[in-house]
Amino acid sequence: MTSKNTSFDSNRGEECHEHSGDHTTPSLHGESTLDLMADLSLREREKKLSALYLKNRQSVLENFFSWTNFDQVDLMKILIRNMCHDQHAQIDMYLRPILQRDFIAFLPDRLARHVLSFLDARGLNASEKVSRTWRRIIAHGRLWRRLIERHISTDAVWKGLVNKRGWDKYFFVSKEKAHTLVLKELNYSSNTIEQLRNTAESLEIQHRFYKNLYPNLYQTIESLKFNWQNGRHVLSRITCHSEPSRGVYCLQYDDDKIISGLRDHTIKIWLRKDLQCSKILRGHTGSVLCLQYDDRVIISGSSDHTVRVWDVETGKLLHTLIHHAEAVLHLRFQNGMMVTCSKDRSIAVWNMFSPVEIVVRRVLLAHRAAVNVVDFDSKYIVSASGDRTIKTFFANSSQFEIYKVWSTDTCEFVRTMVGHRRGIACLQYHDQLVVSGSSDNTIRLWNIEFGTCLRVLEGHEQLVRCIRFDAKRIVSGAYDGKIKVWDLQAALNPRCPPDRICLLTLVEHTGRVFRLQFDEFQIISSSHDDTILIWDFLNPEHSPSSDQSSGNSIAANADLHRNLDDSDNGIP
């Protein structure tokens, strides 16, 4: 077979010339509705075929179709390789409509919608222009809505933005509800809404609504990225009026409220809509140093050595926990478990059966100085102390059993992370990453599984008091009055130079920054200057504050150090 092929190739020009003079291209399959040799009818083509070919065609085809796909393709390669240009052109005319068939139009609508649902916005927009059929499938399949829902399900920025804009009601709802909501939004009357229900016109209206909504969302997110990169924000200020004991030690917020713990022994709840104080919770007899809340309770810790539980709706004091011998410096709770730490060097682990039934399960004594901060998940409890160490404890949340850093067999520590040169004031732990801030003015990133330091961040001029991170950023606040925004992914890249990690330095506080939290849209911080600042990167054009300014507030030169008393906590 090989020798014959070689011989045939060597006479390719002569054979092709002779063939083109005497014959038209033979068809390997005599019957096809897609044959585009338009100048010849089937009967005319049959007249052009040689008698020898017609005699042997059926047996050749029987042999051909008895071969494997690989065998058939191999033969076709040999035939094509030995054809002339005119024959190639005719084959191309025949194959083109077959290869360019509108496969979407041939599919059932359900399958066609499924295929097109994998397209991104650019692909969907282009696909609408292919044909009326494609546009109908995209519109009736609500594919723009499904594309936005896919972003909402996988991207926290999309989800947060949709919620903030009040557009969440248009997604993940039934067809009937979407019809009603969209047409109401577009000011259709109730009668018209009912008349258009389950009609093609309704689907077209919804299609345009979601298609127009997509670029609105996308452009807002791009503007948000620009604002973060360039420090563009609106600043709103809450002055807490907590004279004579000035200072806001802790806070937590959601879309409706900010709850803050103050040095004047109170917890104040501020409404986001007007930044006015709606409730003042009194009961502590010392500074409120830490707090956390959920949809049921606020739990606070104080320099009066107590932990108090409050009803989040009414502000009523529900329970007082007396355990620690000195100030309660930090606490965290989730999934029926709470961990508190104290200036008395201990960590207490609590079972939370109800707001009024919270009992100590275990006490951990591993640090040699005040334990300033704790964090935990279902696997580890992580604590940091003035003794310059970060310690990791095994946690079994289902049993609420806590195992110290040391193993139960050898009584040796399993993991201690050492590196800071002075006491550690703050940390956050998530997944395998711990980020800590210290009175040595540095921030360190740690791998919790190996206890290794991944990066040291330098830039603050004084003690780093508070720190938070998400998948993109680290935000830190310090006693120098500055808030710094760092690129987390750059910090985790060992090849990234240090001068490219700090993205922003924000300076507005006139005292030590005690606590901050942030999300994709804002930073909220509190300070010894008795203020809570809201740095809004989403809406730099407006904000509901009586005391606000817009601009960059980036990288200041003034040293904002204040020699203020910090005796209420264990930070050295």
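From the backbone N, Cα and C atoms, a Cβ is placed for every residue, glycine too.
Features of the protein shown, as given by TrEMBL:
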COILED    186-213  coiled coil
COMPBIAS  1-10  compositional bias 'Polar residues'
COMPBIAS  11-22  compositional bias 'Basic and acidic residues'
COMPBIAS  544-555  compositional bias 'Polar residues'
DOMAIN    101-147  domain 'F-box'
REGION    1-30  region 'Disordered'
REGION    544-572  region 'Disordered'
REPEAT    281-320  repeat 'WD'
REPEAT    321-352  repeat 'WD'
REPEAT    417-456  repeat 'WD'
REPEAT    457-489  repeat 'WD'
REPEAT    506-545  repeat 'WD'
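In the repeat 'WD' (417-456), helix, strand and coil residues by DSSP number 0 helix, 26 strand, 14 coil. Cβ atoms under 8 Å from those of the repeat 'WD' (281-320) belong to residues 245, 247, 249-252, 259, 261-269, 326-333, 338, 340, 342, 355-356, 358, 568-569 of the same chain, restricted to positions at least 6 beyond its ends. Per-class residue totals from DSSP over the repeat 'WD' (321-352), listed helix then strand then coil: 0 helix, 21 strand, 11 coil. Per DSSP, the secondary structure of the repeat 'WD' (281-320) breaks down as 0 helix, 23 strand, 17 coil.
In the repeat 'WD' (457-489), the DSSP tally of helix, strand and coil residues is 2 helix, 20 strand, 11 coil.
Looking at the repeat 'WD' (321-352) alone, the prediction's average pLDDT is 96.
Each residue in the domain 'F-box' (101-147) gets a DSSP state, and the totals come to 33 helix, 0 strand, 14 coil.
DSSP places the residues of the repeat 'WD' (506-545) in helix, strand and coil in these numbers: 0 helix, 20 strand, 20 coil.
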